[in-house]
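K.L.:
The structure's right below; bear with me while I get my questions together.
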Amino acid sequence: MHSASKSWLLLSGFVLFYIIYLLFGALVFSSIERPAEDELRLDTQRLKETFLNQSCVSAATLELFLSRVLAANKHGVSVLRNSSSRSNWDLASSMFFANTLVTTVGYGHPTPLSDAGKAFSIAYALIGVPFTMLVLTACVQRIMQPLVLAPVGLLQRAGLKPRPATVVHFLLLLLAVVLCCLLAPAAVFSALEASWTFLDSVYFCFISLCTIGLGDFVPAARPGQPYRALYQVAVMVYLFIGLMMMYLLLRTFHKMADVHGLTTFFQLPRCEASLMDDDTEPIVCNDPTPPRPKDRPATKPLDPGSQPSYNSINKG
């Protein structure tokens, strides 16, 4: 089959599978969540009728009151007791909002109230989002050697072949990320947030580190939260480190796909195209003390296969 035809066929298959996956998710979410929504709607309607029967407030007045309360709550302003004593736009809270904006997590609590705030958010994110991605990329480039290249080299020295070594390393890195960036932080969040279960906390960590940010769980939003400013700063640090580790995991998977020939099979760009010089250093050197360039014969060409790396491993 012609290369261009194969490429378009694969692309069509990806798009078709994506649509099927969305439909599958829609069916599952609808079957799970719609009964819960209907039950909540009935409970809310009963509560409203009970309130109207026990008070002299008209239905129109109650509707107006509820619509304004819900609109204010959407922007992080609550009428509940002990909720009006703190501002959502003090220095720590504003920095927390800026962090969720430039990392594209975007919990939606709070949100800008004024037109000036909305306009500034656009300009701020226009610069901040790519700059944050640049900083994350630079950090990942610096930790590739100690966390990816060196461990794979150790596994190869232990006797594993290159392809099994990359798989074992990826699984170990995945386990470390799950433990250190999902389960351990979830235990901390479930202890600090009184209304969160451990599952809620795991769900929050996963949604945040995938930059989905649904906003149904927001840390430090509970009224009377002790050390709220310090808590928000700690969450910002966690988000940055967690996003960095997620990006590292994706880069490692991409490299492993290169070694196993998956990127070539699916006609995807190789990871090596975007690597810096530090990443292209060999994982294992056959000669621990290679001669200096001036000692090598000038007429003898270098053998690129003599130093196996992610980018030079023979796929055959």
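Glycine is no exception: its Cβ is also placed from the backbone N, Cα and C atoms.
In case it's useful when we look at the structure, here is the feature table from TrEMBL:
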TRANSMEM  7-32  transmembrane segment
CARBOHYD  Asn82  N-linked glycosylation site
DOMAIN    83-144  domain 'Potassium channel'
TRANSMEM  122-144  transmembrane segment
TRANSMEM  165-189  transmembrane segment
DOMAIN    178-256  domain 'Potassium channel'
TRANSMEM  201-218  transmembrane segment
TRANSMEM  230-250  transmembrane segment
REGION    279-316  region 'Disordered'
COMPBIAS  306-316  compositional bias 'Polar residues'
K.L.:
Same-chain Cβ contacts of the transmembrane segment (201-218) under 8 Å, 6 or more residues past its ends?
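P.N.:
Those are 100, 103-109, 181-183, 185-190, 193, 239, 242-243, 246, in sequence order.
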K.L.:
Cβ under 8 Å, sequence separation of at least 6 from the ends of the transmembrane segment (230-250): give me the contacting residues as numbers and ranges.
P.N.:
92-93, 95-96, 99-100, 103, 105, 136-137, 139-140, 143-144, 147-148, 173-174, 177, 180-181, 185, 192, 205, 208-211, 219-220
K.L.:
By DSSP, what is the split of the domain 'Potassium channel' (178-256) into helix, strand and coil residues?
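P.N.:
Here the numbers are 56 helix, 0 strand, 23 coil.
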